[in-house]
């Protein structure tokens, strides 16, 4: 488990259960990979 705000692979998500792998803001221009973010609890 890597934690929050670290690069992750959306095809092989190894984020913890409380995190999800999402495109960061500026993906493709500033960032080349997905990052793990805290899941928004509803």
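Using N, Cα and C of the backbone, Cβ positions are placed for all residues, glycine too.
Taken from Swiss-Prot, the feature disulfide bond covers 1-16, 8-21, 15-30.
Spacing of residue 8 (disulfide bond) relative to residue 30 (disulfide bond) is 16 Å (Cα to Cα, whole number). Counting only the Cα atoms, the space from residue 30 (disulfide bond) to residue 21 (disulfide bond) is about 17 angstrom.
Neighbour count (other Cβ atoms within 10 Å of the Cβ, all protein chains): 19 for residue 21 (disulfide bond). Residue 8 (disulfide bond) is surrounded by 20 other CB atoms, counting those within 10 A of its CB over all protein chains shown.
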